[in-house]
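Working notes, beginning with the structure itself.
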């Protein structure tokens, strides 16, 4: 398995690019790359030339997270202005605006069937679940606070939720916290199942394996990428190689590799059989905030693709084979 650089767009946005995801292909068009930036815009790009399809405005502060519905028809962007904007991918028509104060939304993801949007609620120490038919808030999964903190205790702020990930079957939701713990919820029962240990610094990114719904990967400011058994509550392994914070982790659709982006300015590809980094891509010259593998599907699409975005305002596309 390897990555090969296909194309990079310098100054893809006017400011740091913090978020990226792929909008799945529909009958009428291929999968598109969706990026969100501190310049307050969301942009859609056509592979493989990275041609700009459209620039969406509608936020009054920087865009911190983006998510795409599995149908490929709608997507969502969240901003530091505490609003989540849900829009039609092909027309940019606003479908819903979800208000999420007083918390900042640092991560969100649609449930695999598309019925729920999970939003990491930052300082509210919770994950909010929105029904995608009515856009009503249907559940709030709260992170338990430590027992009886003293007034001087600073731990309550550490229960800040940074990241979320759905298991492939939609039964489990994991969220990564500022204090390095990961909470795993049984969504149907709105119940916290357990907390996974193993990191001692913020967990900024999570992804479940597409081939084994028990396996959860996490990237943290401690520089490690951990593999957890999210059901058995065990740490399966810890991989190191980045020299600074791991800001983003994503799993390849074939389940054989993961990619990571880091503030050490590199993108790394990890072979999960070897549990080691097998390739380092250094085409960004600032921190890499997001990496995203293209989902399978679409007419005539066989090749794998990975995208990365960075504080250097650029977007890069790689072939994955």
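Cβ atoms are placed via backbone N, Cα and C, with glycine included.
Record features (TrEMBL):
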type	residues	note
REPEAT	10-55	repeat 'WD'
REPEAT	56-97	repeat 'WD'
REPEAT	154-195	repeat 'WD'
DOMAIN	156-205	domain 'Anaphase-promoting complex subunit 4-like WD40'
REPEAT	196-238	repeat 'WD'
REPEAT	239-280	repeat 'WD'
REPEAT	281-321	repeat 'WD'
>> If you average per-residue pLDDT over the repeat 'WD' (239-280), what number do you get?
In response: 95
>> How about long-range neighbours of the repeat 'WD' (239-280): same chain, 6 or more residues beyond its ends, C-beta under 8 Å?
In response: 1-3, 201, 204-212, 217-221, 223-227, 286-296, 304, 306, 308, 310, 316, 318, 320
> Apart from its near flanks, which chain residues at least 6 from the ends of the repeat 'WD' (281-321) lie with a Cβ under 8 angstroms of it?
Replying inline: 1-22, 24-25, 30-31, 33, 35, 37, 45, 47-48, 50, 244-245, 247-254, 257, 259-269
>> From the DSSP assignment alone, can you count helix, strand and coil residues within the repeat 'WD' (56-97)?
In response: 0 helix, 23 strand, 19 coil
> Quick one: DSSP breakdown of the repeat 'WD' (196-238) into helix, strand and coil?
Replying inline: 0 helix, 24 strand, 19 coil
